[in-house]
Amino acid sequence: MTLSEESHLPKHVAIIMDGNNRFAKKNQMQKGDGHREGKNSLDPIVEHCCTRGVQALTVFAFSSENWNRPAFEVDLLMKLLEEAIHEQLPRMRKFNIALRFIGDRSKLSEHLTDLMTHAENETAHFTSMTLTIAISYGGMWDITDAAKQIAKDVSDGIVDIEQIDTHLFGRYVSLNQLPPVDLLIRTGGDYRLSNFLLWQAAYAELYFTETLWPEFSIDEFDHALAVFAGRERRFGKTSEQIQQDKIEN
């Protein structure tokens, strides 16, 4: 089989876009310039995912923990996020991509949340791919929020407590209308998930690279896809069972 075959291509790719500040320091730039370079690095990856046939791309733009950064950097990141949304809309129309956002919107400015809602509404009918940007997001927040929603539905008589299982719980977390994450890529050299998509990436293949996000290229993205294609995904089964399933199917 070739990499281009659907069985070898991840349906859902997630990326922790790490390394902007280190890129700026490495190149004797201001922090803001590093983040701006990182913003620009997303565009070719989005287009490439769409042309390759990836169904969903989810990127970590601003975490729950990022609120702890210096105020000037948070303000800069919020401004860049607004710029990115404005810049992405024409690309979404051109490539027929739906744009979505996940995260705790209660901490965001009204202007930014209105812009996010507008972008979602403008692209809701596009079907080639779904690009999701995680802003003010944390996996633990996501799971806790889902638990609160379930508790309310139990209290309101909508859900019986005996109905609660992983399938039902999964309907309450973010990205519940998308396939589970197949491949999670982290740039920047750290080897951790940093509280990103803890539920959705439970069975994801992980690809870590020392490459800083502003330097992450389409060639390395394709290498990550090739690594993914070479892995055997067992989901608790043995290799023998997987081989037998392939024969039978």
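From the backbone N, Cα and C atoms, a Cβ is placed for every residue, glycine too.
Annotated active site per Swiss-Prot: D18, in sequence order. Annotation comment: Swiss-Prot describes N66 as active site, proton acceptor. Here Swiss-Prot flags D18, E205 as Mg(2+) binding site. The substrate binding site annotation in Swiss-Prot covers 19-23, K31, H35, 63-65, W67, R69, R186, 192-194, and the record cites sequence analysis as its basis.
Here the features listed in Swiss-Prot are painted onto the structure.
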residue : record                 : Cβ contacts under 8 Å, 6 or more apart
D18     : active site            : R186, T187, G188, G189, D190, S194, L212, W213
G19     : substrate binding site : G38, T187, G188, G189, T211, L212, W213, P214, E215
N21     : substrate binding site : K31, G34, H35
F23     : substrate binding site : M29, G34, E37, G38, L212, W213, P214, E215
S64     : substrate binding site : G103, D104, S136, Y137, G138, M140, W141, N195
W67     : substrate binding site : V74, K107, S136
L193    : substrate binding site : I16, G139, L184, R186, A201
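In the three-state DSSP assignment, the secondary structure recorded for the residue listed as 'active site' is coil. When the alpha carbons of E205 (Mg(2+) binding site) and N66 (active site, proton acceptor) are compared, the span between them is 25 angstrom. Look at W67 (substrate binding site): DSSP puts it in a helix. According to DSSP, F23 (substrate binding site) is assigned to a helical segment. Shown in sequence order, V74, L77, S136 are the residues of the chain, 6+ apart in sequence, with a C-beta less than 8 angstroms from the C-beta of N66 (active site, proton acceptor).
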